[in-house]
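Visitor: Input: one structure, supplied below.
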Amino acid sequence: MVTGGFTVAIDGPAASGKGTISRALAAHFGFAYLDTGLLYRAVGAKVLDGMMPEVAARQLEKDDLESDALRSPEVAQEASRVAALPEVRAALTDFQRSFAARAGGAVLDGRDIGTVICPEAQVKLFVTASAEVRAQRRYAELSGKGMAVTLEQVLADVLARDARDSTREEAPLKPAADAVRIDTTELAIADAVAAAVKLIEAAQRR
Ligand SMILES: Nc1ncnc2c1ncn2[C@@H]1O[C@H](COP(=O)(O)OP(=O)(O)O)[C@@H](O)[C@H]1O
Ligand SMILES: Nc1ccn([C@@H]2O[C@H](COP(=O)(O)OP(=O)(O)O)[C@@H](O)[C@H]2O)c(=O)n1
């Protein structure tokens, strides 16, 4: 039985499979899904267009999250830079917390969902995979969409963001103390999703 306010927090490094698991959980349980990385990517894209980071974060609108260009390694890098700014994170907090509290349940993925945004989440997952596998998967995804990227560029983006995201002062990437780790390096999507579904069913019975 899904009750209002049931929140699933999914964190982990770049391209580890967070969104894939989140979307599958949202479809399976009828939860709403928020890809919080998209918020930081949208701010990063506006900064690349010349806007001040805090202004961009405060003025963010739904339409700003639609563009395919947000997926590029250049925007990802800028997202990671603006994500280190406390005033940018603060401007995005309320929206994420309201989303998490939706009746019917919500799944949010990002870097600080289980640690900062929703420390009370009923289920917390920390999704990882080796950097090489993550870069290979992201490279296949982006080149499949027709984006002109190289594997070297994608690996460099993933490594640089992981390092910056893990070492920043504000809301660094790290597992919550009570997060369950899922390493997808050698896990098929269906098996990763099945593991997550089991954890949520167990939490719903509690
Ligand atoms: N377990 C898995 N096995 C193979 N490919 C995967 C797996 N999980 C995710 N992928 C693929 O890897 C890429 C990155 O996954 P995604 O869910 O977007 O990661 P994140 O949200 O952590 O950035 C996508 O192309 C996705 O289809
Ligand atoms: N909750 C979040 C989500 C993303 N981010 C930042 O936004 C960047 C892009 O996040 P993303 O989730 O779209 O990245 P991928 O894992 O999809 O490659 C990350 O590298 C982080 O710097 C964050 O700081 N906090």
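Each Cβ is built from the backbone N, Cα and C atoms, and glycine gets one as well.
According to TrEMBL, the ATP binding site annotation covers Gly12, Pro13, Ala14, Ala15, Ser16, Gly17, Lys18, Gly19, Thr20. The domain 'Cytidylate kinase' annotation in TrEMBL covers 8-201.
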Visitor: For the binding-site residues Ser16, Thr20, which one has its C-beta crowded by the most other C-beta atoms within 10 angstroms?
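Guide: Sorting the candidates by Cβ neighbours within 10 Å, the top entry is Ser16.
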Visitor: Ligand 2 is in the model; which of the binding-site residues Gly12, Ala14, Thr20 have a C-beta less than 6 angstroms from one of its atoms?
Guide: Ala14
Visitor: Gly12, Ala14, Lys18: which of these binding-site residues has the sparsest Cβ neighbourhood within 10 Å?
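Guide: Least crowded of the binding-site residues Gly12, Ala14, Lys18, by Cβ count within 10 Å, is Ala14.
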Visitor: Helix, strand or coil at Lys18 (ATP binding site), per DSSP?
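Guide: Helix, per DSSP.
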